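Sequence annotations record features per position, and here TrEMBL assigns compositional bias 'Polar residues' to 1-11. According to TrEMBL, the feature compositional bias 'Basic and acidic residues' maps to 12-23. Residues or ranges marked as domain 'Potassium channel' in TrEMBL: 258-328. Summarising the annotation, TrEMBL assigns region 'Disordered' to 1-23. The transmembrane segment feature in TrEMBL is assigned to 71-89, 101-121, 146-167, 187-210, 240-258, 278-299, 306-327.
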Amino acid sequence: MKGRKNSQSGKVSERSSRRQLENEQLVKKPEFLKAATLGQIFLVCTQQLGGLEDGKITKLQFRKFLMTEQICFVFNLMGLGLSVMQYDLEFEEEDEDISSWLLWIIFISTLALLVLTVLRYQQHMNWLKSRKQISQNDKIWQTEQWYPMLIELIIYCIVPYPFTIGMRVYFYNSFQDAMAYYHVNEILALIMITRTVFIFRTILAQTFWYSNRTQRVCNLYACEGNYMFVAKSLMRTSPYTSQFIALVSLIGIFGYGIRICENPLARNDPANNNLGRYANALWNIIITITTVGYGDFYTRTDLGRFVIFVVCILGIFVISVMVVTLINSLVISTLESHAITVLERIQLRQNLTESASQVVLYSLKIYVALKKGNLSKVQLKILLIKLRKNLNDFKISRRQYRNKQDVGNMNEEITNQFSLLKSDFSEVIEKQKGLLLQNQDIMNKLGVEAKPYISSPQL
């Protein structure tokens, strides 16, 4: 028995000595805290805890990303502008030297754009690494960034080349019952229009809604701060401006595409080159994208009909969004509804006063005329009819005013009741929070494992 007691007392003393050593280690000041500023202490502690987002580093990486995005935008826009100039030269089959020089410039700018695109995605990854969203050792092919980068690089590779100048693709046109041809570079220039998607992406990235701060806020509310989020934000804050810019851009881009598709028919019949003129192509896109379709200009090639099919789909989407935006802008808010109700009461009160004054006026006229005795039966009948009419108007105005007053009071009463219920529920929830925290504290003191408290959403 004594041996057991001695062994148990020895174990207790060992446990107490261990606890004392642990407490001394916890109280002991670390070496890095002896000569360090508050910022250095915070940085070391956050690194030991797994690292937190450094605002200055993320801002710097985001600015580098925006810079590469803007450089890509310049090269992309330069390539598109040179392809527009080169298209007319190759279509007319004149100034082949200038056309060839332009094609070489487009080719070199495309090579530079491919390199810059890879650097752009790499810088985007560096930004994500600084924000602790991906690991520091991740590569592009190990993340989801490689797939959109590959698609973007393939789209950038589709440009008019100096090696394909003069090459033709013949096709039969049933409208003219003759053979026509595209230059290969014309088809490549048509496909090159898809680059405009990345131009719009760069424009969205320059707005307030795509920034380092925006990403932090989106992370707080568990949503993605991507380009779709930027488009939604612009549609909410400035819907009419955003839709107008999108509509004008689509008309200009697809008008140029229709001109490329329909212009080869001018080689067989120059006098009947309707959509080969850019103004007519724009008009055709306008009446198509707005779902009007007069039919005065229409496409006569299979490639042009495919482009018009895409325009029809986009037109349905654009017009639907514009209608929804207009309807939402006409929806009356709660405060506007209260203001309209008050103004309606004022208007009905004015009508009530006017009808009451007319009743009093005609009553006095009849009284004075009967008192003087110079009123005939016909005049009396006319005055009585007017008095009856104004009295009826007074009754209607009074009924409307009371009804509007009752409705307004009822709405205000319902609003007040809901606000009172909200405050009552908030008080009850706060009391429940206090009780749960007290119970959790008591259970922790008793040594019973308690489930962590999950706060309820705010009302």
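Cβ coordinates come from backbone N, Cα and C, glycine included.
Nobody curates TrEMBL annotations by hand; they come from automatic prediction.
For the domain 'Potassium channel' (258-328), DSSP puts the residue distribution at 52 helix, 0 strand, 19 coil. Just going by CB pairs under 8 A, the stretch in 71-89, 101-121, 146-167, 306-327 that sits most against the transmembrane segment (187-210) is 71-89. Within its own chain, the transmembrane segment (240-258) has Cβ neighbours under 8 Å at 84, 190, 193, 196, 200, 231, 234, 275, 278, 281-282, 284-286, 289, 299, 304, 307-308, 310-311, 314, 318, 321-322, 325, counting only residues six or more beyond its boundaries.
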